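Enquirer: Please read through the structure below; I'll follow up with questions.
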Amino acid sequence: KERAMHVGRKKGQIVDTVVQEQRPSVLLELGAYCGYSAVRMARLLLPSARLLTIELNPDNAAIAQQVVDFAGLQDRVTVVVGASQDIIPQLKKKYDVDTLDMVFLDHWKDRYLPDTLLLEECGLLRKGTVLLADNVICPGAPDFLAHVRGCGRFECTHFSSYLEYSQMVDGLEKAVYKGPGSPAQP
């Protein structure tokens, strides 16, 4: 059974709220798919802000670019084709990113933790950077959840919801980076 893999309306409202609260100047999305969430988030950004969205599948990236162009948001959104683990280390030099204000994780769930660690290792997270991860319950990202909730460097909030267009329990995890030296809380 196939399903639409975008964030959907209900979880999209949670994403909207987080973007509106954070007001990011530089937002990174991991997993563009068809461009739905990129457009959804970019429409809420200030005109001077930018969103970079990384998509592994070139066909999906081409569709995402068309959707972004159709929405008139091509000045704010850059669609980057490639593997997240290859692109993240290039963000500072090739894409002129100092640090990220927000990261929306919605790609391969087994990449959530390695990419979070890579973002930190590359110096792209700053105190206050918000990670917002979709589908942390279904299909799930247990290693990511264990890390952000247990390492002491993130302040976490869970938003319960349902998998897009179904009644399967799912959720988003908001993890606010406290800095590299934050001690674990007992």
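Using the three backbone atoms N, Cα and C, a Cβ is placed for every residue, glycine included.
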Enquirer: Let me know which member of Asp96, Asp98, Asp101, Asp106 Swiss-Prot also records as binding Mg(2+) at the site of Asp134, Asn135.
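Expert: That Mg(2+) site, as Swiss-Prot gives it, pairs Asp134, Asn135 with Asp106.
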Enquirer: By CA distance, which of the binding-site residues (Ser37, Leu56, Ala83, Gln85) lies nearest to Asp106 (Mg(2+) binding site)?
Expert: Ser37
Enquirer: So which binding-site residues are near Asp134 (Mg(2+) binding site), with CA atoms within 10 Å, out of Ser37, Leu56, Ala83, Gln85, Lys109?
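Expert: Cα within 10 Å of Asp134 (Mg(2+) binding site): Lys109.
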Enquirer: Which binding-site residues are spatial neighbours of Asn135 (Mg(2+) binding site) here, meaning Cα within 10 Å, out of Ser37, Leu56, Ala83, Gln85, Lys109?
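Expert: Among Ser37, Leu56, Ala83, Gln85, Lys109, the ones whose Cα sits within 10 Å of that of Asn135 (Mg(2+) binding site) are Lys109.
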Enquirer: Measuring Cα to Cα, how far is Ala83 (S-adenosyl-L-methionine binding site) from Lys109 (substrate binding site) in Å?
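Expert: Spelling it out, the Cα of Ala83 (S-adenosyl-L-methionine binding site) and the Cα of Lys109 (substrate binding site) are 13 Å apart.
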Enquirer: Among the binding-site residues listed here, Ser37, Gln85, Asn135, whose Cβ has the fewest other Cβ atoms inside 10 Å?
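Expert: Comparing Cβ neighbour counts within 10 Å for the binding-site residues Ser37, Gln85, Asn135 gives Gln85.
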Enquirer: If H, G and I count as helix, E and B as strand, and all else as coil, what does DSSP give for Ser37 (S-adenosyl-L-methionine binding site)?
Expert: helix
